[in-house]
Amino acid sequence: MATADFPSSRPQSPPASDSNFAAGAALQSRLGVLSRRRNAQKMSRALTRAAIPGVALAAATVLLYKLHILADGPIWAPVAIIGFSLLWGLKNGFAQRAGSFAAACDADRALGLNDRLASALSFVAPAQIQRQILIAPQAGRISQLRSALFPKFALSTAPVAAPTNLVPALVDEAALRAQNLDPKRVYPLPFNRSAQVLALLSILFAGFVLMPDMPIFQSEAQKKQVAAMQAAGEKLIVVAKTVQKTAPPKAEAEKQLARQLEKLGQKMVRGRMTKRAALTEIGELKNQLEKAKQKNSAAQSGQLPQIAEALRDAPLQSSVGRKVQQQLGENKAEEAAKSLEKLADQLEKGEVSQAEKKKAAEDLQKTAQDLRSRGGEANKKAADQLEQAAKQLQSQGQQSPQNQQNDAGQKQQSGQKNPSQQGQNPQNQGQPKQNQSGPQGLNQQKQSPNQQGQQSQQNQSGGQQQGQKGQNQQQQGGQKGGGEQSGQGEQQSGQQGEQGAADALRDMASGLRQGGASGQSSQNLQDMLSKMREAENQTGSNGGQQFGQGKPGSTSLKAGSSECPPGADCRQGMKPGKDLISTDPHGLVKGGAGLGPRNNAQGVQKGGGVSNKKSERTGDKRRYEDVWSDRLPKTRAKIDRIKGKWGGSGEIEQMPTKGEGKGGQVKTPYYEVYESYKRDAEEAVGRENVPPAYKQPVKDYFESIKP
């Protein structure tokens, strides 16, 4: 307890309340400022001590990442490590907080005041007299570690003392000393060793973050593999962004797949993925794309006719048809629909020539055949409509020359009829003259009966001739009327054919508009699938170097030659049966899948990978064709062509179906090719075009080449 000089002349009485309260308030206010300074110092030291290991670990992680020792990881990992360490420091700093009494004790200790401030505060504010004391850990490393991670404190308080005559003088002196107290002197914030270490680690961390990638521990083959993976990733990013821009608004599944593809491309561009991880993710995403494509194709074939696909693939002859194909190849379905509607309007107005009508009818017929070959109820109905319209146009083109001949014949008949009618008029005029009265008429009446009989016969024959002329005239009039009626009927049938073709073209235009969204989705999915296959091939090709091939510019030594040193294996990069000769002193050609035909290599051992069924020959006398040729369908000798996009914007892939593969020693571990092998095997066995009788041989074949 602190003491103060007390004059003997001062009366022995309690201090005045007003002065005591003023000094006590001043003392508490000053000690409050000092306590806040203390808590800030404790917090800064706790954060510094906790941040040192966090920054060191983050810097080491970034360094390993830049040197490509760590393959890949989240970019926020170093920040998370530092953040966790700072949170731990905050926790420790809050645990060390204290009030004014701890600050007064620290000030008395630092300035040598012999507990004057603490004693005065105990009389002014007895409720604040409490102190935290760290409980010492027990013996043992586990207890010490637990105490360091989760420290425990004991709170101690003091009993309230009765005031005496010395209290006012003690409070006044303590308040005076507190007013002249500098908090920075009691709680300095120096740049101590902990702060220096933290600053150095922070500089190293910033340098490692700004340092470029330095794969100094990678081999040349690994660097080539990373470069191939980065190139494939860039292509995936480009096609993913294109799909996101051109995808229909309601194609959420397609956009989600495009976003996944973009993320995969970004991971591949960073060059942090292993080959196995990249191929695995590519295979999974490719399966999702194939399922989405099958689902889209099934929905499209079941609801809407595949007009766009049929127009793209059908060999159209008319100028409008080729224009529509070009527009569809550029993914301009709306413009293609407008072109079809324009042709329909021209057909209705009769502005299309006969040659163009013929070509249009042929185009409709070819489009109908393509639609019918695709299957589906909707495609069948659309094909029937197009075939009917094509037949109407073709029949109109055949009837139009006959109509012209009928018109010319009618004009010629009318020209022949006019002179005959003009020649008949004098005869008609001469008939009334026979009934005129006069001497001649009397003489005729007085003729003999014989003459009258002859005259009556002549009159009867003349009447028969006139009747025949009347019948001829009626027949000519009937033929003329029938010709006019047939011409009108053919004209109506021609108009009906043009109207039917126009309606069919308008239906095709509406089908293009309706199937535009689904067609665009199918095209986007196809683009992503093609790029995924390219990325898979490019990533799995070891940077463009095939298995069994040596480095560019290097020369391999032939086994069995004088150039091969004794005891060395000079078979790398050689083809079994060609480069391995019978005088090979360095071992036998091992059997197994991937070594090619064994008909030329001498002294080979019986190896795995090829079945012994239906064959008693082994070693170099055994051939793959002898085992499987009688159980599998024959391969086609010609090249299969896979159609690309219209206009040359797509890629034409050609794949020979017969020939020997390149030989060489397989160095790739089985786990890097097993996933792709498994997918290929399941896809080959599950194909619909493989007959059921051949599914088991196909399965046996894949079992024989199982890695």
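Each residue, glycine too, has its Cβ placed from N, Cα and C.
What TrEMBL says about this protein:
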type: COILED; residues: 275-302; note: coiled coil
type: COMPBIAS; residues: 9-20; note: compositional bias 'Polar residues'
type: COMPBIAS; residues: 348-384; note: compositional bias 'Basic and acidic residues'
type: COMPBIAS; residues: 388-477; note: compositional bias 'Low complexity'
type: COMPBIAS; residues: 487-500; note: compositional bias 'Low complexity'
type: COMPBIAS; residues: 541-551; note: compositional bias 'Gly residues'
type: COMPBIAS; residues: 613-643; note: compositional bias 'Basic and acidic residues'
type: REGION; residues: 1-20; note: region 'Disordered'
type: REGION; residues: 348-666; note: region 'Disordered'
type: TRANSMEM; residues: 46-67; note: transmembrane segment
type: TRANSMEM; residues: 73-90; note: transmembrane segment
type: TRANSMEM; residues: 197-217; note: transmembrane segment
Distal contacts, the transmembrane segment (73-90) - CB-CB under 8 A, six or more residues away
43, 46-51, 53-55, 57-59, 61-62, 65, 205, 209, 272
Cβ-Cβ under 8 Å with the transmembrane segment (197-217): same-chain residues at least 6 beyond its ends:
48, 51-52, 55-56, 58-59, 62-63, 66-69, 78, 223, 226, 271
Is it possible to list how many residues within the compositional bias 'Basic and acidic residues' (348-384) are helical, extended or coil according to DSSP?
31 helix, 0 strand, 6 coil
Overall pLDDT of the coiled coil (275-302), taken as the mean
78
